[in-house]
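Step one of this worksheet: look at the structure below.
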Amino acid sequence: MPNVVVVGAQWGDEGKGRVVDWLAAQADLVARYNGGHNAGHTLVVGGKTYKLALLPSGVVRGKRGVIGNGVALDPEALLAEIGRMAELGLSVTPDNLSIAENATLVLPIHRAIDQAQERLRREPIGTTLRGIGPAYEDKVGRRGLRVGDLAEPGRLAAKLDVLVDHHNAWFRGLGLDEYSRDAMLATLVDLAPRILPFVRPVWADLNDATDRGERILFEGSQAVMLDIDWGTYPFVTSSGTVASAAAAGTGLGASKLGHVLGVTKAYATRVGGGPFLTELSDATGETLRARGQEFGVNTGRPRRCGWLDAAQLRQAVRISGIDSLALTKLDVLDGFESIELCVGYEFDGARVDHLPASLDAQSRAKPVYERFDGWRGTVKGVRERAALPRAAQDFIARVEAVAGAPVSMITTGAERDDTIVLRNPFDAAAGA
C-alpha cells in the first residue's frame, strides 16, 4: 500500500513536523491518529509561521486533513487553532478537514483533574496539564463523551451526568470545588454547530481512499518511548504511539498502513520527568540545547539533552516495526571535537542491548558508549550523503547498524531544502 506512517522514535520533539511537511506535499490525505493538543510543532511556509497542535500538518500544504478516533479532541482548542489559521490566511473547513465521530472529547473538567493530579503526585510526571490523560481515562472507563454525541443533546446531557457525578465525588474527597454539569452542557451545545459539520465516518473515508490508490500520510504524535505500554512507564503519554496505533486510531486495517518511518534526532532530548540514560547535565548538554533551540513549542519548557541512544532506537525500531529512519538536526553536532553514541547498557554487571522495563532496573542501568571523531565546518546545505564529512558518514553508518534500520532521510539545517533523501518513503511503500 502506498501509505506512510510517521512515528517519533525517541521521546518526542524529533522533528516529525518537518518530515511530515516534506512528505505531505506528495500525499493526498494527512491523518492524525493519536494524542491531543499536548504536543505541537511549527511549520514555516511561504514566510508564514504556523503553530499546530491538533490540525494535521497537511492542511498547510492544501491537503485534506483527518483527525482520527484515536485523538483526544478539545473542541475549544481546535476552534481556536482554526481561528489562528484563518488569521494567517489559511481556511480550514469541512472541505479540507474531517473529524472521526468516535473521537474522545477533552472537557474543561479534564483540565482541572489533570492539574489536581499533578499537584498531588509525589513525583510529577511533567504532563502539559491540558486534560489529555484524564480524557483517555474516561474513554477507557466507558464514561467518556465522543464527538458524535454533540449531535444528540439529550444523550449528551445524560452521559455528562455520569461523567460529572463520577469526578465530583473525587473533587469532594479532596475538598475541591465541584464542577457544574449545566455549565459544561451549555458550552458543548454552543460549540456543537461549529464542530459537527466536520464530523465524518473517517474509517470508511480512509478505506475508500486506499482502495482508490490514494496516498495517505499518518502523522504520529509524541513517540515510541512515550507509548502507554512500551514507554518508560509511568512517565509516558496516555495513548498508543507505536505505528500500530495508526490502525487502531483511524480504522484503516494494519495491513494497509504501508511504510513506517521513524524520526530521530542525531542526539536525544526529553521533556519532563522519567529515565533518560544518556542525559548530559553539563556544558555539552547546554550546548546541544542552545544549538538545537530545544524548548517546547506549546509550553516553552527547556528540554533535557544528551547523546543519541542507538540501543533505545533499536528497541523502538523493533517494537514499532520501523522500516527506515529520518535522522534530523545533524547540523547541531557540527564542531564537536568528539561525539558519543550509546550502543547498549551495563546492568548489574552484565551487558544488555535493551532498556529494562522497570524504573528501578532502569535506574541501575548505565549507558555503554562508542566515541566518534567530530567534524569541522558544517553539514548545512549538503544535499548528498556522500558529500557529508567522513566522520559524519561513519557516525550515521554506526547508527544504522546498531538500530537495525537504514536511514532514508537526513536533515542538515533549518530550511526545508536542507534535506538529504536517500529513498523516498512513499516510493518504498509502493515497492518502487
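Glycine residues also receive a Cβ, built from the backbone N, Cα and C atoms like all the rest.
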Binding-site annotation, Swiss-Prot, IMP: partner of Asp13, Glu14, Gly15, Lys16, Asn38, Ala39, Gly40, His41, Thr128, Arg142, Thr237, Arg301 in Gln115, Gln222, Gln315: Gln222
Cβ contacts of Pro302 (substrate binding site) (under 8 Å, same chain, 6 or more positions away): Arg289, Glu294, Phe295
Densest Cβ neighbourhood among Thr42, Thr128, Gln222, Thr412 (binding-site residues), 10 Å radius: Gln222
Least Cβ-crowded entry, counting other Cβ within 10 Å, from the binding-site residues listed as Gly12, Gly40, Leu330: Gly40
Those binding-site residues listed as Gly15, Gly300, and which of them has the most Cβ atoms within 10 Å of its own Cβ: Gly15
Protein Cβ atoms within 10 Å of Asp13 (Mg(2+) binding site), excluding its own: 25
Most Cβ neighbours inside 10 Å, all chains, among the recorded positions Arg18, His41, Arg303: Arg18
